[in-house]
Amino acid sequence: MDIQFLGTGAGQPSKARNVSSLALKLLDEINEVWLFDCGEGTQNRILETTIRPRKVSKIFITHLHGDHIFGLPGFLSSRAFQANEEQTDLEIYGPQGIKSFVLTSLRVSGSRLPYRIHFHEFDQDSLGKILETDKFTVYAEELDHTIFCVGYRVMQKDLEGTLDAEKLKAAGVPFGPLFGKIKNGQDLVLEDGTEIKAADYISAPRPGKIITILGDTRKTGASVRLAVNADVLVHESTYGKGDEKIARNHGHSTNMQAAQVAVEAGAKRLLLNHISARFLSKDISKLKKDAATIFENVHVVKDLEEVEI
């Protein structure tokens, strides 16, 4: 499981940072990629990665500001031109209005897609659990921005315990099909009468990962709730230390406020995202250094960077 950042800038693209988009790569878990936001130029960034567009099965939009959605029509259209690849349907989750934006863009441009898009729109009254599969659950909660904006909490369900092969061998269980039966929870009786209780040879379930991905927001309690015990918290850092007033006026957060959220939530790792173009390389190190005085395990991400979860 990895996150690859396709756009880490704020508001408008710069030479170093594209506008908002990241890919949650779940290839080992479910052979899918989930996209979070799709700012202008997202498909160009994808061309610089190993991501195959048809593997993108779900797109989660945080809000309808242009730097988070203007890349959708282009990506959806280009996804239709994947030669020699099976066309797969796509799901888009986002605030009310995302369906109208996408369909209007496709209609006006005369674009026809050989796959279906299934839209899941929500508003303030229909948040909470928005998706549940056999391996993942996704929650959405409203943040505090200048327009309706949400954050997402992606929870991997507990993983099966591992089989203790050495212990089984010591108990006289021959390697082969019996191992598979025990792994599936089946109790056995060996030829010599030895009873094998599957539970004695399988470790306890391992907790799944928790990934919190926030849209644009002021510091708010919703951010903390979404990030409780998160393995990774992706939080915007449009402004730096001392800019709390201007950040609030524009519906954004500082690096220090993001660090405070991480502390209050008990998150394990903080990734600062949505970085303003006014921060030069030397200022980026200061963003991290200042935030680390509050929350030590912090990192400022950059475009195309891949982070293992």
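In case you wondered, yes, glycine gets a Cβ from its N, Cα and C as well.
Swiss-Prot names D67, H68, H274 for binding Zn(2+) 2. Of D2, D134, D200, D216, the residue it gives for the same site is D216.
In Swiss-Prot, the Zn(2+) 1 site is described by H63, H65, D216, and among H145, H299 the residue recorded at this site is H145. Following the DSSP three-state reduction, the secondary structure of H68 (Zn(2+) 2 binding site) is helix. Long-range Cβ neighbours of D216 (Zn(2+) 1 binding site) (same chain, at least 6 residues apart, Cβ-Cβ under 8 Å): T62, H63, H65, H68, L143, H145, T146, C149, E236, T238, G251, H252, H274.
Between the listed binding-site residues, namely H68, H145, H274, the fewest other CB atoms within 10 angstroms of a CB are found at H145. Counting only same-chain residues six or more apart in sequence, the Cβ atoms lying under 8 angstroms from the Cβ of D67 (active site, proton acceptor) belong to G9, A10, G11, Q12, V19, S20, G39, E40. Residues T62, L64, H68, L143, T146, I147, C149, G215, T217, G251 surround the recorded Zn(2+) 1 site, their Cβ atoms falling within 8 Å of the Cβ centroid of H63, H65, H145, D216, which are themselves excluded.
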